[in-house]
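Colleague: Features from TrEMBL:
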- Asp260: active site, proton acceptor (ACT_SITE)
- Tyr349: active site, schiff-base intermediate with substrate (ACT_SITE)
- 60-157: domain 'Copper amine oxidase N3-terminal' (DOMAIN)
- 183-596: domain 'Copper amine oxidase catalytic' (DOMAIN)
- Tyr349: 2',4',5'-topaquinone (MOD_RES)
Amino acid sequence: MNQTKPPFSHGYPQTPKPKHFFLAELSVIARYKRQTLEITVDLSTRSIVSNNVYNGHGYPILSNAEQDRAGELPHEYKPFVESVRKRGLNLSQVSCSYFTVGWFGEVKKTKRTLKLQCFYTNETANLFVRALEGITIVVDLEEMKIVEYYDRANIPIPKADDTEFRALNQKPPFGPKLNRFGINQPDGPGFKIDGRVVSWANWVFHVGFDIRAGPVISLASIYDMEKHKRRQVLYRGYVSEFFVPYMDPTADWYFKSYFDSGDYGFGQSQVSLKPGGDCPENAVFLDAYYAGETGTTEKTSNAFCIFEKHAGDIMWRHTEFEVPGIEEITEARPDVSLIVRTVSTVGNYDYIIDWEFKPSGSIKFGVGLTGILAIKGATYTHVDQIKEDAYGTLLSDHTLGVYHDHYLTYHLDLDVDGVSNSFVKSNLETVKVTDNSSPRKSYWTVVSETAKTESDAKIKLGSKAAELVVVNPSKKTKPGNEVGYRLLPAPVTHPLLLTDDYPQIRGAFTNNDVWVTPYNKSEKWAGGLHVDQSRGDDTLAVWSLKNREIENKDIVLWYTIGFHHVPSQEDFPIMPTLSGGFELRPTNFFERNPVLKTLPPKQVQWPNCTT
Ligand SMILES: *[C@@H]1O[C@H](CO)[C@@H](O)[C@H](O)[C@H]1NC(C)=O
Ligand SMILES: *[C@@H]1O[C@H](CO)[C@@H](O)[C@H](O)[C@H]1NC(C)=O
Ligand SMILES: *[C@@H]1O[C@H](CO)[C@@H](O)[C@H](O)[C@H]1NC(C)=O
Ligand SMILES: [Cu+2]
């Protein structure tokens, strides 16, 4: 296998577009006659280069179409129809959703199955809050039929009152009232889109789409005004896996530990963005295309929005009183950034993924969680009735919001000013003053250490103060610092499951916050290539056991941002966005502040306005 990657394009889009970049070879994963095929197609000759039958554990992403078919099965299944009748419900108002089954220590190869959970939609569009608890339905996806069915309990179905989220079904009073807001860009948008290449301010990058990863940003480079050239930053970045384990070990819930990229396809789950709500009025939209179940073209229109964000923040400022002869100096510059936004709605949850480019050279990664909590029906109507572990927060009558986590593992193939990079841990260490040379007893200093192999770069944040920098050891600034980009992580969120618990074996790529691996074309998916029912034998945690050399090489930084989620009543019936994020920030990459010479903005003249 060819391990070298295509060259980075300088001056994109000034130089001709390298056409062979992504489309010389295509890899296809198909289910055919109950087998998983890994096919490589040469597009130039339109021929199949290789065709392997995959015999390991795990299955490919489920297609939307087969999930929908599975969800219809209970309506024709007599025992289920009977369960619905027994509960006094109207079958035509029952809707079943699909949940991957995971792996819990089975030794023999398991069938390709899916579990269904059904919900009641009478009087609400918020179907996920009205679960028919106690019913287990297992579907064999190859036979497309129900192969296991239990109806264990008759737990009250949470009521529909106060669960509606559509404006048209809300009753007054409305509020809080928010005044209208307009965006005026008298000079037009500051960015250009040429095909899928976006140029804005000093940045140029490519916006790609993948059925599994969702948005893929590649070939991001920044123009250096002093060096009069475009300098490369990121070869490719995307969310490699998205692990969501729930914390309820009971019969109907224990298996709920999803891998939203590998199970459902984070790109396949992308939804059309709504102008004005999802994206501001100055946004431009792009569509996404992927192959459907039978090779048909599936389109998600408005799957991306791109816009300049003027959030009222300060890019930099200073007030100076002390210059003799000058009364007071204040220089301030407003901040602007360029956002590429997508939303993936994976069942109940909506995930907002923002890529934010700043003229200062920073790339900020925004993650927003909103949508509907996973709700468990329960007998309780008050916390005083809860004597045992309820595995969640009681949000309303018969309504538990189950505890869970969200972990997004980003694949960040940085190419800082060139392909060969190193990973440097700059530890901040306390030094004791023992020789009475200073009135101080201590200070801290920076002790840098370059990671030689993968094991040097497995980082669990929080125990030590450290700067984590990807540097180019062969490129130095005038004062001699190695040019680099530093990771500014999110608040530390470590997995709390035991490492030998089955979901955590499959999600072992979250055991460290940071990993660094040598670039390998085959190591794209942190949870493995075939994740549905995987057994954790193809994860980032396994690959990196080889402990390969990573110094002065083409390296990939893997970073996991996590959220422990203890639901609260405000998250019900729909969650105000919970936001998190992290940043890649230039560190000795530029000779000085790259936005020093950004001029103060000109006053905008609003049309039909007098002051
Ligand atoms: C069941 O629900 C359907 C669809 O909402 C409705 O048309 C029908 O009248 C309902 N039947 C009963 C018995 O309530
Ligand atoms: C649907 O909801 C309405 C209002 O709560 C109720 O009167 C009706 O009985 C419900 N129908 C069924 C079949 O559950
Ligand atoms: C690349 O990754 C694949 C899959 O993990 C592995 O089999 C192969 O040995 C790797 N190659 C190198 C050079 O590490
Ligand atoms: Cu959550």
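Keep in mind that glycine also has a Cβ here, set from the backbone N, Cα and C atoms.
A description of the local structural setting of each listed feature is requested, covering burial, neighbours and distances.
Modeller: DSSP classifies Asp260 (active site, proton acceptor) as helix under the three-state reduction.
A 10 Å cutoff on Cβ-Cβ distances gives Tyr349 (active site, schiff-base intermediate with substrate) a total of 22 other Cβ atoms nearby, all chains included. In three-state terms derived from DSSP, Tyr349 (active site, schiff-base intermediate with substrate) belongs to an extended strand segment.
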Colleague: List the residues of the same chain that sit at least 6 positions away from Asp260 (active site, proton acceptor) in sequence and have their Cβ under 8 Å from its Cβ, in sequence order, or write 'none'.
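Modeller: Phe242, Phe243, Val244, Phe266, Ser269, Ser344, Val346, Tyr351 - these are the non-local Cβ neighbours of Asp260 (active site, proton acceptor), listed in sequence order.
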